[in-house]
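Just below is one structure, and these are the notes that go with it.
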Amino acid sequence: MSYLGVGVSPGNVPVYKGTIVKVIDRKIRVVELVLRCVICGLGVLTAVLVGTDTQVREIFTIQKKAIFTDMKALVFLVIANGIVAAYSLVQGVRCVVGMIRGSVLFNKPLAWAIFSGDQVMAYLTVAAVAAAAQSAAFAKLGQPELQWMKICNLYGKFCNQVGEGIASALLASLSMVLLSCISAFSLFRLYGGGSKGKNGGDGSLSRW
């Protein structure tokens, strides 16, 4: 029996390298697109939760207003998640365009650019979450040795909403770390085999 002009038996149909690459690349792009959409949504949610969080308390007839700009770590968290959300939106559009065109990522400079961008965003989100979590811990628990009071005892609503924002940022950060691993795989698989047409011309399976 012959398949595409190649004489083979029914149980020994050759698998072409190009087909395998396209199937795997498409699966990777679907996962990548889902993660980028999740990160974009979580980044926007974090920025909105923290950025719009305020609470006014009256202390000895003096009104004190708590706002995220009072803590530099929260400002960093809002800015970082805004940047990550915008970056993920742009990269998500790139994924959609690539899936529509059915193209496979063979461009090493582009793969390096995506990998580098994802790495930077991953480090940025991790740093922002760590800084915000540390500040939140001080606000919640105080620091008796330095006579720092428990701010959350006064601004409970403010602290609760900040906590929700930090939780959202943590999920975005974990998703970004996972995405950076995927982009690393997409990059280094380009260096995993021989030249593109070296072993694939005769219909044999080659590593990539």
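Cβ atoms here come from the backbone N, Cα and C positions, even for glycine.
These numbers come from a predicted model, not from an experiment.
Each residue in the domain 'Casparian strip membrane protein' (26-174) gets a DSSP state, and the totals come to 118 helix, 14 strand, 17 coil. Sequence annotations record features per position, and here TrEMBL assigns domain 'Casparian strip membrane protein' to 26-174.
Here TrEMBL flags 33-52 (among others) as transmembrane segment.
Annotation source TrEMBL lists transmembrane segment at 73-100 (among others).
Listed as Cβ neighbours of the transmembrane segment (120-141) (distance under 8 Å, sequence separation of 6 or more from its ends, same chain) are residues 71, 73-74, 76-77, 80-81, 83-84, 87-88, 148, 150-152, 159, 162-163, 165-166, 169-170, 172-173, 176-177, 179-180. Taken from TrEMBL, the feature transmembrane segment covers 120-141 (among others).
Residues or ranges marked as transmembrane segment in TrEMBL: 162-188 (among others). Sequence-distant neighbours of the transmembrane segment (162-188) (same chain, 6+ residues past either end, Cβ-Cβ under 8 Å): 25, 28, 31-32, 35-36, 38-39, 42-43, 45-46, 49-50, 53, 68, 74, 77, 81, 84, 105, 108, 111-112, 114-115, 118-119, 121-122, 125-126, 128-129, 132-133, 136, 139.
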Item to check | Sequence-remote partners of the transmembrane segment (73-100) [C-beta within less than 8 Å, at least six residues beyond its ends] | outcome: 26, 29-30, 32-33, 36-37, 39-44, 46-47, 50-51, 114, 117, 121, 124-125, 127-129, 131-132, 134-135, 162, 165-166, 169, 172, 176
